[in-house]
Amino acid sequence: MTTRTIDNIRNFSIVAHIDHGKSTLADRLIQQTGTVALRDMSEQMLDSMDIERERGITIKANTVRLEYKAEDGQDYVLNLMDTPGHVDFAYEVSRSLAACEGSLLVVDASQGVEAQTLANVYQALDANHEIVPVLNKVDLPAAEPDRVKEQIEEVIGLDASEAVPISAKTGLNIEAVLEAIVKRLPPPKGDREAPLKALLVDSWYDVYLGVVVLVRIVDGVLKKGMTIRMMGADAAYGVDRIGVFRPKMADIGELGPGEVGFFTGSIKEVADTRVGDTITEDKRQTTQMLPGFKEVQAVVFCGLFPVDAADFENLRGAMGKLRLNDASFSYEMETSAALGFGFRCGFLGLLHLEIIQERLEREFNLDLISTAPSVVYRLMMRDGELKELHNPADMPDPMKIETVEEPWIRATILTPDDYLGGVLKLCQDRRGIQIDLNYVGKRAMVVYDLPLNEVVFDFYDRLKSISKGYASFDYHVSDYREGDLVKMSILVNAEPVDALSMLVHRTRAESRGRAMCEKLKDLIPRHLFQIPVQAAIGGKIIARETIRALSKDVTAKCYGGDISRKRKLLDKQKEGKKRMRQFGRVEIPQEAFIAALKMDD
């Protein structure tokens, strides 16, 4: 590599909405440049997890080095950074984009620009990227390349006259994409003689190598045997092995400025290698950290409990292993009277939550119950203390609380205008505040501020069903705002059930409580005594349903005879039921929990 100059390197990422053919295009580029022999090719080369392939999404950032001989006769090294497309992983996307100078914007020629395309393009523009638009799926009968070009110019403001029309599936025009990368994207800048400065793009745990760190070198050279320092985590390590991905790992001697590769060292914990950190040489340190490094904050919390209590230790081990690979996932132990021992886990968003739960169930064979997802509330106490509340069951006495603040998000929704009315109504029902409404061709772009609390429950599913699956949705957490929030407890037979308590807005508490009670009434089996199911705010009951008792016909053996004989038997039964109600325990089956937590509005 030392023979080639920095001018012959191109670092680029592919920006696209889910399902617009990003991973397929990556496959074609790998194939076209002969990086992988044809017999070793598989679909979605860069999506290494099964779950990534099945859901057709990219979760972890990946990278591959392509070597390409261009029409001008020169050899180029192209580093493709494959980024996650989903909003939960926006920070990973921003770090991957910071490691590149340019992006390919892939837009499906039949679908047009979607909400996440927008979010990711704006991130790429923030990173000062040169952007080459690519129209994918032009071989489909429904493709309308000219309309989509207009859309790109209108919505994003990019000149789409030179957009490259391709079909990643059939391999049409892939050569033109490679030429566009070489000609239209800028080479990296960097000083070989300066002290080492590198951006930590991603890291993961490998059973044999320990922690593998993916880096983009900005200045200086990374060599074997060097001692490096992570500036954000303030830890030093020796470098054992350096290499690049041709998707498989291949060792090389050193990485120079502008290059992307990996190194391994004596690193034990992925938590020490934080995405976005700056890496420098321990002896000759760089003075300035790279900008944009931040700690990843969990946004959504929920409890995960094993269905079988004997699995608790296995669950603890499984979480430790996942945490090795995904430092943005956090957990701590908690106990629940209803569900036993488990963990309170923090996630970047709902998709992240689903994926972690699915990976735990699939990779470690665990059966799990998850409690209702909740967000982090800030409580301003009367004594001036600021508390963070992760679990609604831990809410302190309301008399001690001055104000409750909840996180709000700025959501961008793109929808065909036929469904606009339904989408606006949904946002209004969820306490949304409309910020903006624009038309782009036949589609409306709506911007709303919404409380995250209203979105975590089932907002996405409702949005999809209202718009027949056509609306796309993207959000980022904007700020905390004061809200009139109250803790709603569910009481079964006058006993509070901790797993079902939740924080709700006062205006929606009654409807939420009534729905919950009705649902539980159908789910809890009848007992020999009457069971009240109540929703309460503090000491005030706001909704109640009663599960009727099963009763035995105690008078069946009396034929005729005196009425007082029957009355005696009935009174005796009544006494027994009363005593039973006082001391009886209500068994709430696990299915009832799972169904109650999946409650639709």
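Any Cβ shown, glycine's included, is placed from N, Cα and C.
Residues or ranges marked as domain 'tr-type G' by Swiss-Prot: 7-189. If you take every residue in the domain 'tr-type G' (7-189) and average the pLDDT, you get 76.
Applying an 8 A CB threshold to same-chain residues 6+ apart, the list for GLY21 (GTP binding site) reads VAL106, ASP108, ASN136, LYS137, ALA168, LYS169. Under the heading GTP binding site, Swiss-Prot lists ASP19, HIS20, GLY21, LYS22, SER23, THR24, ASN136, LYS137, VAL138, ASP139.
Secondary structure at ASN136 (GTP binding site), as computed by DSSP, is strand. The highest number of surrounding Cβ atoms within 10 Å, among the binding-site residues ASP19, SER23, ASN136, VAL138, is found at ASN136. According to DSSP, ASP19 (GTP binding site) sits in a coil region rather than a helix or strand.
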